[in-house]
Amino acid sequence: MGEEGTEGTVHLLCLAASSGVPLFCRSCRGGAPARQQLPFSVIGSLNGVHMFGQNLEVQLSSARTEDTTVVWKSFHDSITLIVLSSEEGTSELRLERLLQMVFGAMVLLVGLEELTNIRNVERLKKELREALSGFAEAAGTAFGSLVVSGRVVAATESWWRLGTPEAVLLPWLVGSLPPQAARDYPVYLPHGSPTVPHRLLTLTLLPGLELCLLCGPRPSLSQLDPQLLDRWWQPVLDPLRACVPLGSRALPAGFPLHTDILGLLLLHLELKRCLFTVEPSGVQEPSPEHRRRLLRSFYTLVTATHFPPEPGSAEDKVEEVAQRTQVPRACYLVSGPEEPGMGWRLVAVQAGPRRLLLLLSAQSPTHALRGLATHTLQALSPLL
């Protein structure tokens, strides 16, 4: 990268476009690896100004300082590449072509589909749903789900239609039981069958991933033989492995989130499903339990005072219609002193049937909270 002009340092940054999470950073001087690396604060600032412009529908493509040229370029709304060069005589055109070649090399090695894999979440869900429905039908029941650490990651339509108590309690029950290869567990359904027991059959497909079936007297556990399991689950082993890390993080491996996000709750009010995590990254503070308390309190506040009640609650319909035009699109709260670097940030946004609540670090500027939350909601929407 140093064939033109005098020797200078070139820094190449690759980030997830929707969140700003760095995927890799490389620095070189005179064509050889350089010891000098960009600090994380500079990487965050370079991406932050680019994302800020995008939120205002302004496309930032290049900039110059006294001795450095910077070029930004996004690809397929998935990858953002940034290059900084202090080589004398370097032009924006040359650096833009460099970024195009870098992205081309990434496609060459791993394929475009892998680089934009977040867009393929629907295909992943479809593969698991078809296998789950087929296996449940072969086993003689319409109620089946895949559970990781007490979370349902895929289920048949009949399972999703279970009443609220059992829909919540069944995966909790499975997550609380000690690990076993298979179980045949009698359960009563508080909403659907409080007096006649059903059977909850569980089979461990992979460590940490269990197949759950809710059924009557049949089939027996012994009828779910290895041949039936192989027929339906062997073809989707890779999507199954992708489900295992969803336990605590609740998001697909590699899903890009802004580094300021410490926890999130995404609600789909029509489907009555949610996506929740307080462990999106390796950040230690505050503790996961403290994050849960902050998000729980914020959820109670915004539901009671800012956003309309969720569908299905008993509310005065006349009052609901009168207040509909006054519903806010977003709100935020600072837990603690509202000063730079002080207080956890909490923000909520709603778009259509989806409502997103975020817990953010104290370093997140308040003026950018709504933009960050809106961008995150757009990125998360394919998941729920």
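Every residue, even glycine, has its Cβ placed from backbone N, Cα and C.
Predicted, not measured: the structure shown is a model, and the values here were computed from it.
Taken from TrEMBL, the feature domain 'FUZ/MON1/HPS1 first Longin' covers 11-131. Residues or ranges marked as domain 'FUZ/MON1/HPS1 second Longin' in TrEMBL: 140-234. Feature annotation from TrEMBL assigns domain 'FUZ/MON1/HPS1 third Longin' to 261-381.
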(request) Using DSSP, tally how many residues of the domain 'FUZ/MON1/HPS1 first Longin' (11-131) sit in helix, strand and coil. (result) 54 helix, 33 strand, 34 coil
(request) Work out, from DSSP, the number of helix, strand and coil residues along the domain 'FUZ/MON1/HPS1 second Longin' (140-234). (result) 29 helix, 40 strand, 26 coil
(message) On the 0 to 100 pLDDT scale, where does the domain 'FUZ/MON1/HPS1 second Longin' (140-234) sit on average?
(response) 85
